[in-house]
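Colleague: Take a look at this one; I'll ask things after.
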Amino acid sequence: MPPLGLLHMRAWASLFNRLLRPSGVVCIREVHFHSQGQMSLQVSEAVLTSQLKPQHEKSNFIIKTPKGTRDLSPQQMVVREKILDLVIGCFKRHGAKRLDTPAFELKEMLTEKYGEDSGLIYDLKDQGGELLSLRYDLTVPFARYLAMNKVKKMKRYHVGKVWRRESPTIVQGRYREFCQCDFDIAGQFDPMIPDAECLKIMCEILSGLQLGDFLIKVNDRRILDGMLAVCGVPESKFHAICSSIDKLDKISWNDVRHEMVARKGLAPEVADRIGDYIQCHGGVSLVEEMFQDSILSQNKQAIEGLGDLKLLFEYLTLFGIAEKISFDLSLARGLDYYTGVIYEAVLLQTPAQAEESLNVGSVAAGGRYDGLVGMFDPKGHKVPCVGFSIGVERIFAIVEQRMKTSGQKIRTTETQVFVATPQKNFLHERLKLISELWDAGIKAELLYKNNPKLLTQLHYCEHMGIPLAVIIGEQELKEGVIKLRSVASREEVAIKRENLVAEIQKRLSES
């Protein structure tokens with residue numbers, strides 16, 4: 001065979017690659033022809049690794065959700081929807097509008113808003129366009145929305161997923177992807193009226209969920225900053241020390257003190273003075289006591305915060321919830337954007353409950369953030385805001401565990417009526433009948449079989465908890481009636497076809 005040029009060699013290589021590539025073995029770069037019709041192949045070193053893997057290795061692949069995430073089964077979704085319905089119903093009762101924002105934001109919108117927690121933000125890979133991050137919470141996107149749309153007043157709620165790159169503790173309801181339910185009031189109003197309503201809503205939700213006794217701790221960032229100032233903390237360390245104090249619900253005071261001194265460079269005597277204050281907690285009487293504190297009362301910021309807390313307790317008393325509120329000087333809330341009143345709800349447990357229940361930490365938290373919107377506004381115009389978030393995942397973990405303990409069965413559908421037949425060749429009649437029920441707004445099901453057995457159909461009703469069954473057969477069709485069966489009692493009555501919908505609706509309204 002005559003010699004071929006390089007171009008022809010590569011053309012032959014391309015042909016062989018098309019023929020051999022499906023086998024997943026080689027990648028031919030050039031083909032060389034020799035005398036006597038012999039041929040040699042020059043194989044490329046850049047063989048795809050995936051093509052060389054033995055087929056049996058695929059069996060080692062583990063199907064799972066990413067760390068810190070989970071699927072929710074139909075049973076779990078029923079429980080979650082009930083929780084969310086109660087929470088959203090309370091938000092609506094107080095006149096809130098619903099808002100939604102994108103799951104990701106421009107990275108620059110989220111940076112420097114969360115203090116030490118900024119490292120927990122999920123950054124998305126640069127796709128050659130904008131630098132993006134998954135939202136860390138729903139508060140910062142809300143502030144961005146207000147500034148972008150020049151909204152000065154708004155009472156809103158928002159339910160959506162957020163993402164945090166922290167170590168998940170699944171059994172305690174802590175995840176990397178989780179749902180938040182936020183309620184916020186934006187606008188310039190008289191002091192403490194919106195703040196008091198937020199605490200009232202929080203009490204209504206926690207009482208309605210019947211999670212047990214609870215306590216809402218309150219403090220004020222101005223009191224906290226004033227306390228740090230009079231204790232001798234340099235202003236440059238305020239945020240760092242607040243972040244340490246915020247860990248008191250997770251670690252002991254000795255560990256917090258060690259972090260302040262060893263890691264954050266605070267003088268030991270300053271840390272000890274802080275320790276004397278943050279062990280104080282009580283009601284409005286403690287507010288009065290702090291007014292009389294000879295050291296703290298010298299700080300203007302602290303006095304302003306104490307004045308607002310005194311007014312707040314006055315409104316909380318009128319709302320009838322003052323006994324659920326505790327002024328707690330150890331409450332810090334580590335997020336940088338809080339400027340005034342802050343609060344956090346925790347469940348109170350008896351020793352017996354503590355053995356059975358989960359240690360989920362706070363179940364709701366929030367506060368006032370008057371400067372956050374101004375960070376997004378080109379001219380720095382501020383819109384005062386106050387709000388809170390309900391810890392849906394933590395509440396769900398508690399409710400789920402209690403339901404498992406009690407063995408409570410959960411219906412995963414809302415089907416009200418099942419359409420059945422005892423005879424063969426009645427699919428058309430069943431389809432006509434179920435269509436009538438659907439058109440009347442009745443939730444109905446049937447089995448997707450031409451000739452199902454009656455016993456199978458009735459067992460399905462009992463298993464799924466469907467309260468009523470309608471049965472149609474030759475006799476019923478001839479007489480113009482339908483049998484209406486109570487699944488629980490197994491009692492049956494014949495109802496005229498034209499009266500069936502009305503009878504079903506009557507029974508459902510009575511149940």
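Keep in mind that glycine also has a Cβ here, set from the backbone N, Cα and C atoms.
Residues annotated as L-histidine binding site in TrEMBL: D137, L138, T139, R164, Q180, D184, R333, Y337, Y338. The domain 'Aminoacyl-transfer RNA synthetases class-II family profile' feature in TrEMBL is assigned to 68-422.
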Colleague: Tell me, what is the mean pLDDT of the domain 'Aminoacyl-transfer RNA synthetases class-II family profile' (68-422)?
Modeller: 91
Colleague: If you draw a 10 Å sphere around the Cβ of D137 (L-histidine binding site), how many other Cβ atoms fall inside it, taking every protein chain shown into account?
Modeller: 20
Colleague: 10 Å Cβ neighbour count around Q180 (L-histidine binding site)?
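Modeller: For Q180 (L-histidine binding site), the count of other Cβ atoms within 10 Å is 18.
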Colleague: With an 8 Å cut-off on Cβ-Cβ distance and a minimum sequence separation of at least 6, pull the same-chain contacts of Y338 (L-histidine binding site), or say none.
Modeller: R221, G367, R368, Y369
Colleague: Look at each of the binding-site residues, T139, R333, and point out the one with the fewest other Cβ atoms around it within 10 Å.
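Modeller: Taking T139, R333 as the binding-site residues, the minimal 10 Å Cβ count falls on R333.
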